Amino acid sequence: MAKMYYDSDASLELLQGKTIAVMGYGSQGHAQAQNLKDSGLNVVIGLRADSRRWKQAEAAGLKVATVAEAAAQADLIQILLPDERQASVYEKEIKPHLTAGKCLVFSHGFNIHFGQIVPPADVDVFMVAPKSPGHLVRRTYEEGAGVPGLIAVHQDASGRAYDLALAYAKGIGCTRAGVLETTFKEETETDLFGEQAVLCGGVSELIRAGFDTLVEAGYQPESAYFECLHELKLIVDLIYEGGISRMRYSISDTAEYGDMMIGKRIITDETRKEMKKVLAEIQDGTFAKNWLLENQINRPSFNAIERKDAEHPIEKVGAELRAMMPFIKKPGE
């Protein structure tokens, strides 16, 4: 059974008197930094000098400096930049200030696991990964709760890396809900697989395929949108609350029979074989190599596919229907 840790297992005293530099002020950066600050810890945000987020961070009452300046004054350096930018920023602006006894912190293991960042042996390297988007990390903290998270230690130079990881997790509110001990390898590979095969890649293609099937058969696009996209949230909420069995308990017997009889015709043995290939490409570094190369050549495939998918009919129909639904929050609200 995996080991879980809670508030009683962690002490913020380990971080008292230390400076925590949070590099980046995006979804996770703003949430983790504000939670750490509200936990009574000393936080500085590291940003580019021309970053549009500089004033946002200052408005939230946070100290802001350039990445290099923040790294120089920090005892713990949390890198919350996009995966594809981390290695370059680390080499140029963080590594020169990563002196013995400091801690390097991550919320995703990509760059450590795939060898893009190789820290010196005399620093602690650990991960605290909230299993939630940043806005929920912040909101639940403010409500007195928290979101679950993962912790892992890659390098324990001080002999206290696990305790420091737990303290950091407590500072952002994750130990209120519980944190699971894992490894950089496990977090990285399972996270990428979940995104590609299920949560993002799998779901996106399933939705579009269902929509296309109905529209090509002559059904109204609006009806296809409701059946294949809009109602997905209702089903996912049930699964989130109590697993697949809870969802099946809550739907009609007709829907449950269709689930049991037809599901395996959609996710076939061939699909499962392809999932194993996807996982193998993550494990052997093929995906990481392709993604890093894609960024080095200015993302030609990424940009082309993004533009093409944005023009899919489901996007236009969805925008029109959502405009009629005042109960749906608009982006940015």
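Backbone N, Cα and C atoms are what each Cβ position is placed from, and that goes for glycine too.
It should be emphasised that the depicted structure is a prediction, and the values quoted were computed from it without experimental measurement.
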Which one, Gly134, Gly144, Gly146, Gly149, is listed by Swiss-Prot in the same NADP(+) site as Tyr25, Gly26, Ser27, Gln28, Arg48, Ser51, Asp83, Glu84, Arg85, Gln86?
Gly134
Within the domain 'KARI C-terminal knotted' (183-328), count helix residues (DSSP H, G, I), strand residues (E, B) and coil residues, in that order.
122 helix, 0 strand, 24 coil
Report the nearest neighbour of Glu195 (Mg(2+) 1 binding site) in space among the recorded positions Arg48, His108, Glu227, Glu231, Ser252, comparing Cα positions.
His108
Which of these recorded positions is closest to Asp191 (Mg(2+) 2 binding site) if you go by CA atoms: Arg48, Asp83, His108, Ser252?
His108
What's the CA-CA gap between Gly134 (NADP(+) binding site) and Ser252 (substrate binding site) in angstrom, rounded?
35
